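According to Swiss-Prot, the protein has these features:
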DOMAIN    6-124  domain 'Response regulatory'
MOD_RES   D57  4-aspartylphosphate
DOMAIN    156-346  domain 'CheB-type methylesterase'
ACT_SITE  S168  active site
ACT_SITE  H195  active site
ACT_SITE  D288  active site
Amino acid sequence: MGKKVSVLVVDDSLICRQLICEALSKDPDIEVVGTCADGKQAVEMTKELRPHVITMDVDMPVMDGLTATEHIMAECPTPILVLTADPRSQAPELTYRALELGALALQIKPAIDAGPDAWNLVREIRLLSSVRVIRHLRRPQRGPLLPPRVATSVLPAVSMGVVVVAASTGGPQVLFKMLSELPADFPAPIVIVQHINAAFAESLAGWLAGASKLKVRLAQDGEPLMPGHVLIAPPGQHTVIPFRGRVGIKLGVERDGHMPSGTVLLESAARTYGRRAVGLVLTGMGADGADGLLAIKQAGGLAVAQNEESCVVFGMPGAAVERKAVDHLIHGDEVAATLVRLARGESLSVGR
């Protein structure tokens, strides 16, 4: 099967290191090339071993996982998977801070007789091993972040009824920035499908709520869609918009390998809101959301996707581009500004 996926396991608990290694041993194509008990060792061993993926604990002696993540992403960028025993036992801002610093994903530590947790870990490691990470500078640089974009055509402004979003790997970071920048009087409801381990769904909503002037929470079946409110799709079910002004939560089958599915949400918004739907597909692996974005475009709504330059993984937006489902490609840093312009009735220029 070619070269094995090399993994560095970082955790101050010997038992946890052993359990992680045992879980990864279930896949013959994954090789643990090193283990260590603190962040300082992790930085040194990353430079020496150049692993494909690092599993990172947060709370460790000598150097914690956050500081180690910051050093690694600045000095030797490597896909980092943050592991935690229980999201509810730790302040969510600590775990999610690792994502802000460049870690790619969150996962539950495997326990004895872990079962699904072990296989979820293996699956995540295999996925992250193919991600091309970027260097995260430890000090912000001055000057313009992006060159000016040249418009190739002009789209009419959209009367915004609802904003629906699909995101996966790298999505929490983009959502955090988007929601932290949107004003409290943003005039449309926002509904988001973010692929994440079910155990992290509630803490994700809390983390995003703490950054935003909007009211952010997990969606509940039958609740109203209101301006200034952001609903996060709960795990294990599909979130839909069955009719205007109301959200629905329903059981079903996976779509594009996911439940909740971004495509299911976006298609329901296309049916219900038509031209007043704004669809947004952000960074992520796979193709979820692409067919849903096409449905919004065909219904006369506005179809927006994150550009390759700013994606951790261009899979989902790339699939939308391949389907010719995208009206407008934007940088991940420009999502909030784009939505505000639409809300003000301004036209968007299309360019890559």
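Even glycines carry a Cβ here, placed using N, Cα and C.
Predicted, not measured: the structure shown is a model, and the values here were computed from it.
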| query | In the domain 'Response regulatory' (6-124), how many residues does DSSP put in helix, strand and coil? | reply | 54 helix, 25 strand, 40 coil
| Of all the recorded positions here, D57, D288, which one's CB has the most other CB atoms within 10 A? | D288
| remark: Spacing of the two Cα atoms, H195 (active site) and S168 (active site), in whole angstrom, works out to 5
| request: Looking only at C-alpha atoms, tell me how far D288 (active site) is from S168 (active site), rounded to the nearest Å. | output: 9
| query | If you average pLDDT over the domain 'CheB-type methylesterase' (156-346), what do you get? | reply | 95
| note | Rounded Cα distance, in Å, between D57 (4-aspartylphosphate) and S168 (active site) is 21
| Cβ-Cβ neighbours of H195 (active site) (radius 10 Å) | 25
| said: At a 10 Å cut-off from the C-beta of S168 (active site), count the other C-beta atoms across all protein chains. | reply: 26
